[in-house]
């Protein structure tokens with residue numbers, strides 16, 4: 001069984017109660033993606049929210065005679081980024097469906113610029129762009145929440161959007177998948193990049209549904225806005241008949257389902273038929289493993305010619321898919337089971353048929369006939385216009401509010417902002433439920449606001465018991481000793497090749513905890529000194545996960561023998 005040993009203080013199943021004292025010797029088993037860069041810059045900066053309003057003195061305690069400052073007034077977020085406001089930016093929207101060449105066009109501008117930054121929603125995309133630019137002799141740094149790969153003489157950066165630097169000046173910048181400003185959890189990071197990146201040219205790539213909102217938001221910034229519309233480069237054909245059985249699966253197919261359990265069930269069923277091997281892609285797989293699985297699926301020299309995946313294929317991976325097959329058009333979104341939205345269906349379906357690939361014409365259908373009407377109507381419909389973008393108070397505002405209310409913990413501060421934030425009609429407060437769960441834990445520890453905030457915005461899945469326990473242990477050890485050694489948390493000799501999907505999930509969880517340690521080590525280097533060890537352990541986890549995905553596949557001795565022969569030929 002793959003697991004690591006954790007010496008933990010217990011937390012509640014939901015991860016929101018206080019950290020409790022553990023019994024001596026009790027052992028707990030150990031389980032991201034948002035990363036945050038400049039959001040963690042400190043210093044209370046009093047902003048001038050209205051033009052020509054002067055520079056009033058603020059009473060942070062509420063006991064003086066000077067004017068009080070309303071820290072919950074978020075009506076003018078464009079004023080939070082003075083460097084960008086000094087520029088009259090040329091903002092170019094590249095909008096169109098999947099496989100329309102919109103991002104390719106923007107990247108051409110980035111390659112030709114004297115300095116620039118690419119901001120993507122996923123590490124996978126940042127990796128891909130950094131690799132592309134460096135190959136084109138454009139020196140490019142790679143910066144994500146968990147890694148910093150600096151290239152000598154770099155003039156460009158490829159970053160995850162949360163790591164976007166709003167204090168630097170660029171010739172050219174790209175924000176990819178800009179429609180994610182409307183994401184309930186991560187939208188604020190895209191809004192921050194949209195308002196805060198100081199670039200002469202800012203290229204925004206995404207769905208046409210975002211255009212009216214972006215144009216409205218940028219009316220107050222003085223930027224010039226252009227809209228370039230793209231059409232799909234290769235046909236996408238909605239089929240009129242379903243795939244009645246997985247026995248009809250063929251080479252190049254991608255079967256889409258929305259639970260980890262179903263992914264492995266379909267994989268097992270397809271492989272038992274003896275015709276195909278399946279690669280798998282889903283969100284909780286490490287990014288490195290997702291890339292490896294996509295590469296294996298695309299490689300025509302091996303037998304992994306079918307993909308079983310979640311909506312994680314919607315962005316970040318280049319895939320040679322002939323046909324998308326929806327096993328269902330419903331998904332559980334964390335609170336309820338609902339129909340897929342028009343945007344979700346179009347994003348996933350659009351992955352079929354890739355320009356200049358083995359399958360230039362894409363097809364899309366369902367397993368069940370009753371799902372076809374929704375599929376067809378969604379593909380014909382435009383995505384609903386986005387009406388609001390996510391927003392979240394800067395640390396400056398939270399820190400100022402904390403000084404005005406010194407008895408309030410971070411949980412109370414976040415709660416107050418959610419309940420009392422003043423917003424313009426273009427914005428909504430991002431969902432801070434997960435942040436508040438972490439805040440409830442760290443508020444019980446002797447930590448400063450800066451340190452609490454760091455843990456609150458860290459890439460932890462608080463809805464996973466093991467992940468929540470890992471964060472609690474890190475915070476507890478940090479508050480007690482100021483240093484967190486990895487050997488006190490993980491027992492690497494207990495990590496073994498998983499034999500079942502359940503054991504695989506535990507190994508994926510270990511990888512996430514190691515990922516969290518690396519993230520913290522890049523921000524608290526002296527307190528989390530074992531970054532190299534954690535990175536090494538992550539690599540081992542990736543290897544073991546790959547071994548499981550390769551080994552847990554064949555029930556046919558003949559097919560297994562053929563796979564072994566291919567492996568020997570490739571050595």
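Each residue, glycine too, has its Cβ placed from N, Cα and C.
Positions annotated as transit peptide by Swiss-Prot: 1-56.
The domain 'Helicase ATP-binding' annotation in Swiss-Prot covers 83-212 and rests on similarity to another entry.
The ATP binding site feature in Swiss-Prot is assigned to 96, 97, 98, 99, 100, 101, 102, 103. Other Cβ atoms within 10 Å of the Cβ of residue 96 (ATP binding site), summed over all protein chains shown, number 20.
Using a Cβ-Cβ cut-off under 8 Å and counting only residues 6 or more beyond its ends in the same chain, the motif 'DEIH box' (176-179) has close neighbours at 93, 103, 106, 118-121, 125, 190, 194, 204-207, 209-210, 214, 315, 343, 383, 386. For 176-179, the entry in Swiss-Prot reads motif 'DEIH box'.
If you look up Swiss-Prot, you'll see 213-399 marked as domain 'Helicase C-terminal', on the strength of sequence analysis.
Taken residue by residue with DSSP, residue 102 (ATP binding site) is part of a helix. The secondary structure of residue 96 (ATP binding site), as reduced to three states from DSSP, is coil rather than helix or strand.
When the binding-site residues 97, 101 are compared by the number of other C-beta atoms lying within 10 angstroms of their own C-beta, 101 comes out lowest. Residue environment of residue 100 (ATP binding site) contains 20 other Cβ atoms, counted within 10 Å of its Cβ in all protein chains. Cβ proximity to the ATP site centre (mean Cβ of 96, 97, 98, 99, 100, 101, 102, 103, cutoff 8 Å) flags the following additional same-chain residues: 230, 232, 233, 350. Note on residue 103 (ATP binding site): other Cβ atoms within 10 Å of its Cβ, all shown chains, come to 21.
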